[in-house]
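Working notes, beginning with the structure itself.
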Amino acid sequence: TIGTTLKPVSAGLKQGQITPTELCQKCLSMIKKTKFLNAYITVTEEEALKQAEESEKRYAKGQPLGDLDGIPVAIKDNFSTSAIETTCGSNMLKGYVPPYNATVVQKLFDQGALLMGKTNLDEFAMGSGSTDGVFGPVKNPWSYSKQYREKRKQKPHGENEDSDWLITGGSSGGSAAAVSAFTCFAALGSDTGGSTRNPAAQCGLVGVKPSYGLVSRHGLIPLVNSMDVPGILTRCVDDAAVVLGVLAGHDPKDSTTIQDPVKPFLLPSLTDVSKLCIGIPKEYLVPELSSEVQSLWTKAADLFESRGAKVIEVSLPHTSYSIVCYHVLCTSEVASNMARFDGLEYGHRCDIDVSTEAMYAATRREGFNDVVRGRILSGNFFLLKENYETYFIKAQKVRRLIANDFVNVFNSGVDVLLTPTTLSEAVPYLEFIKEDNRTRSAQDDIFTQAVNMAGLPAISVPMALSNQGLPIGLQFIGRAFCDQQLLTVAKWFEKQVQFPVIQLQGLMDDCSAIFENEKLASVSLKH
């Protein structure tokens, strides 16, 4: 198997067993082979090869910039990238080329990372399936895995093969598919209500949502300023920690970032969990939760208990209000943020020149899809003078109660909360599109939204394959700014469960050949 994680490959680069250019070319060839997944909107081949060449020179001098030097990464297409088109998966920004890099993008470049491309997403990151972007839906690599295909053999299916694939979850589905299909080693997503953790769970990856304020949002095209956080998708917890260590820290361009210097995220190996207290929120046991996810959740709790950890049931009493509260606050901020796309300064502009109002209206009608327009309308309704107190202010108060629920639980001695990430494994596309976007988002982000409203760190870790041969992930939630402790617990859990590597039929042979050439023989790439 190729458990190609970042650290062994970084070691391989340092020892000269593979060059950044070779690594870059392997990933570019995987991008071409997996084009049908629709993970990328823009593939930055020239840029990547140029960066690889620079990286090679540094390695030749024995002066790599860090662990990410020469490592291929991908970036969700709602982060600004200088001189590279940034579309947010929308007609509104087709052809828009930002003049600057988002802080997180610049930090990756400063460490020598190679940009493979910009990844696909739900339009303006509004969705939970990565099916609503203007560039078409993203397909889950697990749809083509040996594990899933073998289980499907017993099932008769006369459906059209073309649409017989699974969604990735959203809205960072392109980033998740890119990492899952071995086209890069890490990818940036954004997380407003679960948009990094949801696809991580559906694609068998680790998805991290850092504490609000730990990582700069400068250059992340805003959806909900008070909840957005850059997220990280990788194939293991250690890799996520390496990337988070690079991204974390104060940014003068983002006043919401913390002032304290952040220490590097080196994760100690946790061997003894007996001092830990794990909380299981009883409100998260909802009727819609699939029995398989529920039984794995119980199994995970038992695992901690059997190793001496204290596992207790806790209550987050305001959970049931979180969906409504999130909807009001989210759409209100969306309405305000989307006002900038008026056809004047940048982005799409219609041809109508009857009046300014007509130009605005036509530009926004042509530029935004139904989902975005719907959220703008909802938000503007909640913000109307006569509704402001009833909806927006009330939702802010409920948000405070939700945040306090977490504070109370953590103050009672709980170190980490253990919850499901999603209601079920990835569902087939045809099934997913039967529901409208709002209903789907409300259902799919039920376990992840409250974390964003409270500004806490959370991580989704793949636990096991379902009876269908598909990944199921569980979520750990930590105290604010205790990201390192959270990742340490997640790493311990990951080691216990030994989640299997995806076996991409037909492509896997190429993969194995790629990473098991003579040059890498001495570097163990087993996960």
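Cβ atoms here come from the backbone N, Cα and C positions, even for glycine.
Counted with DSSP, the domain 'Amidase' (23-145) comes out as 49 helix, 19 strand, 55 coil. Sequence annotations record features per position, and here TrEMBL assigns domain 'Amidase' to 23-145 (among others).
The Cβ of Lys76 (active site, charge relay system) lies under 8 Å from the Cβ of Lys118, Thr119, Leu121, Ala125, Ser172, Gly174, Ser175, Ala187, Leu188, Gly189, Ser190, each on the same chain and at least six residues away in sequence. Sequence annotations record features per position, and here TrEMBL assigns active site, charge relay system to Lys76 (among others).
Taken from TrEMBL, the feature domain 'Amidase' applies to 167-487 (among others).
The active site, charge relay system annotation in TrEMBL covers Ser171 (among others). Taking Cβ-Cβ distances under 8 Å and a sequence separation of 6 or more, the neighbours of Ser171 (active site, charge relay system) in its chain are Leu121, Asp122, Ala125, Met126, Gly127, Ser128, Ser130, Gly189, Ser190, Ser195, Pro199.
The active site, acyl-ester intermediate feature in TrEMBL is assigned to Ser195.
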